[in-house]
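One structure is given here, and the rest of the page talks about it.
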Amino acid sequence: MTLRGMPLASTSTEGYCFDSATGVTTAGLLTEAVKPSSVQVDTSYDAIVIGAGFCGLVAARDLSLKCKKVLLLEARDRIGGRTWAVRAHDHVYELGGTWIHWLQPHVWSEITRYNLTGAIKESNGMTKESVISYPNDTADDFVVQDPEETDKRLLPLIAKFVDCDGEGGRSLFPNPYRPLDSIHVWRKWDLSLRERTEQIDMTPKDREFLLLFFNINCMVLPAVGGYLNFMRLFSLSNYDYNCFMAQSGKYKFADGTSHLASCILSEFRGTVLLDEPVKSVVTTADKVKVETRGGKVFDAAQIICTIPLHCLSDVRFDPALPEAFSSLRHPNQGGKVHVRVQETMQDWFGMGSEKASVVAAMTESMNPQGGTHLVTFAMSDGIIAQHHLRENPRAYLELLQKDVLPTDFKATPTHMVWHDWARDEFAKGAWASYGAGVLSDSLGSIMQNTKVSPRVVMANADWANGWVGYIDGAIEMGRKYAHEISSRLEESYLSKL
């Protein structure tokens, strides 16, 4: 890959930073994820990979290292897709996918490959030294207690919640990476989170307490979030709730996820074009033609399409994709917002009620110059869905104080950093967190029909077999279909001998 020289970090057109002192919101943030396009670009390739998120990066790298001529097309001015980090105020902010774990096999093998195992840090709010807060029974203030005290009440309720089969949920997904194999077992459990709790003998107060802990996982109301979506991830966490939470929110890259993305791209031996959204993918008798919105046309023997689920309808496919690709939607339109505060806060993880706009927040790290970095999460149908945060960021900061901060916690915001995923035309939502009734229907159909033609495959974390919606799921799909496409190309070559 012949690239023009560039500094380690450049400014993307994406991302926002609000300075509470000046009232100014800056659009476009500094990131390692901005990369230049290749200088030499041809029109014909063995394979074209559409999308340079982790799925596309891994697929393109693996194919190119097998001596295939590969074009990597990306709509944004940066790599990483829904996972990228920015630099502001001498701090690395993760604006999308963040947390990883050594029990997630695909991402951890990449971390090992690039010798990054020593570059992992903990989020402060997930340590044993932190305190936990949640709304009290009258919802007029918050209970603040040690994690051990919370676990005494929570873990027995979790045990009841997952034990739909008398085996702690183990019969639902006995092979977590082949979830559809056991559809005959789990089909009747394709319920919402709230529906599942209503099957269990518990007090109304315990029910609402339990459901608080799912707001952060699905970012939608418990009446919408899917029980099986959680149970799939729970099975991948060795049926241990604290292990699941550690995999979902404790360990992260000290230098940001964009550094891993850069490492993967550095091994790519092909052509990369950024700022080139795809307009159409047309399959003919002997190749596939890909046209960009800018009018560039390329062709290849094989295509790996890694476009997120909600954006597929913006591209014309001929022949058309199976109906499930256009009908399925996940409800997660929430978001993650970083807030820097003046005070040095104790390590903390806090939750709001399901009626709140801001449903969770935690101390991410301390600022060496003083103050604390918080990471906060907003519910799908709350303030993020109703307003552009950049138009009134102070409204979000007021809701943060109201929805999750206990009365005696002092937090004076100085900056706010975020990415508006719900209004991002190349994402149209946050990570895939599915509702009830889809795994046994349209999601299951997509998972079974990713090879949409002899020349086109669909690969994305949104329909991963394992960690659906996670970085690990993206890498899983990229590896899987790089191998598939490489095999197709080899078979085609051998058939011509």
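Including glycine, each Cβ sits where the backbone N, Cα and C put it.
Where the annotation comes from TrEMBL, it is an automatic prediction and has not been curated.
Record features, source TrEMBL:
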type	residues	note
DOMAIN	54-485	domain 'Amine oxidase'
BINDING	Glu74, Ala75, Val278	FAD binding site
TRANSMEM	209-228	transmembrane segment
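When the binding-site residues Ala75, Val278 are compared by the number of other CB atoms within 10 angstroms of each CB, Ala75 has the fewest. The binding residues for FAD are recorded as Glu74, Ala75, Val278; their greatest pairwise CA distance is 8 Å. Confidence annotation: the domain 'Amine oxidase' (54-485) carries a mean pLDDT of 96 in the model. Summary of the FAD site environment: with the site residues Glu74, Ala75, Val278 set aside, the chain residues having Cβ atoms within 8 Å of the Cβ mean position are Ile50, Gly51, Ala52, Leu73, Arg76, Leu274, Glu276, Pro277, Thr292, Ile307, Phe426. In three-state terms derived from DSSP, Val278 (FAD binding site) belongs to an extended strand segment.
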